[in-house]
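Quick look at what Swiss-Prot lists:
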| type | residues | note |
| --- | --- | --- |
| DOMAIN | 4-82 | domain 'Core-binding (CB)' |
| DOMAIN | 118-305 | domain 'Tyr recombinase' |
| ACT_SITE | 156 | active site |
| ACT_SITE | 183 | active site |
| ACT_SITE | 256 | active site |
| ACT_SITE | 259 | active site |
| ACT_SITE | 283 | active site |
| ACT_SITE | 292 | active site, O-(3'-phospho-DNA)-tyrosine intermediate |
| REGION | 341-365 | region 'Disordered' |
| COMPBIAS | 341-352 | compositional bias 'Polar residues' |
């Protein structure tokens with residue numbers, strides 16, 4: 001097949017697809033911008049790097065959003081050409097050429113501006129009726145009806161221009177927007193509110209008197225005034241009227257800004273639902289509707305003021321630090337086991353709580369008495385099999401008692417078993433006496449350990465060695 005240029009590919013794509021006139025204009029505009037930069041060249045001759053150079057040039061004169069429109073439409077043309085073998089390319093040269101546009105809030109029209117524009121149009125209507133002369137915007141009654149239709153419905157400009165006489169049902173108070181005229185290709189209905197009803201009645205009655213048929217364009221200024229000679233009303237005539245409103249109010253006004261405005265106002269009202277706005281504007285998904293929502297700064301300011309009036313209450317008291325417990329869950333009984341016998345202790349009942357306290361007092365004497373009992377308790381084997389080869393320094397009797405007190409006071413239960421403290425008791429007694437108790441393995445010699453010091457063998461098999469400045473080896 002003969003190599004084709006991009007304009008030829010674009011024309012081929014338009015012929016093989018059912019596109020709206022406005023969509024065709026966008027494809028041709030993007031192709032024209034391409035030709036202005038590259039000239040008359042084959043579509044297969046431009047590479048991805050060439051497209052990036054073109055993007056850099058275009059972004060110097062147009063917005064990022066406009067460039068993305070060019071990129072997406074021409075990328076579609078290249079994809080179509082590659083799929084049908086119209087161009088010999090393996091990779092779409094416009095792939096990954098989209099840029100991230102700056103996110104700006106939707107442009108809306110203030111209520112005071114709308115009131116001024118409406119009052120001016122009403123004044124022009126009265127002026128034409130009283131003088132019989134053409135006003136600056138003529139016929140004023142027709143343009144007031146167009147103004148109110150955009151204000152109350154938020155209809156798209158193309159959808160309004162494509163409305164037929166038969167699409168307006170005054171009996172059911174509904175406007176039917178045909179799918180072939182909509183951006184989303186979906187047909188939907190728009191209810192006629194009370195404020196718009198008188199204006200549509202005037203338009204429909206006048207159209208009936210003029211002799212409109214069911215398929216005629218209902219909003220057609222050319223048939224309501226002899227001053228215009230065109231067959232159909234187009235977007236240029238509507239935009240010309242809004243330019244005059246812009247000059248009068250000093251604020252830019254367009255049909256699409258009315259669409260932004262109605263979406264924002266509906267979503268500021270709590271009784272409105274986002275799905276109502278979505279259906280009214282005929283959006284394909286809820287995310288598109290959310291983009292039209294403007295933040296309510298007055299409500300934000302009110303909430304911020306309320307927060308400032310409610311000062312935080314600061315508690316300057318020290319909060320106790322409660323360590324986290326990894327024990328049983330709250331409410332579950334914790335089993336109590338004897339450290340000597342290993343049997344589970346029975347919890348005390350409520351009836352015997354007082355008796356239990358008395359028994360605890362009798363069976364658990366004060367700490368001082370417990371230390372006296374330790375001094376007479378029998379010794380147990382501290383070292384079971386391994387000989388002692390550590391060095392420690394003697395401590396005084398008071399220090400030994402203080403260390404024992406700290407160990408006893410940390411006991412979590414009142415039934416702290418004295419049998420577990422026999423090791424500590426022996427350590428206290430021997431340190432207080434200035435002696436060290438060791439157990440000697442069978443293969444060791446006591447002389448090696450004591451180094452000539454007098455040692456006494458106790459009945460339980462331990463050797464008592466006096467403290468000295470020397471080290472125990």
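Positions of Cβ are set from backbone N, Cα and C atoms, glycine also.
A distance of 7 Å separates the Cα atom of residue 259 (active site) from that of residue 156 (active site). Restricting the active-site residues 156, 183, 256 to those with a CA within 10 Å of the CA of residue 283 (active site) leaves 183, listed by sequence position. Annotated pair residue 156 (active site) and residue 183 (active site), C-alpha to C-alpha distance, rounded: 9 Å. Here the Cα atom of residue 256 (active site) is found 13 Å from that of residue 183 (active site). The DSSP secondary structure for residue 283 (active site) is coil. For the domain 'Core-binding (CB)' (4-82), residue counts in helix, strand and coil come to 62 helix, 2 strand, 15 coil, using DSSP.
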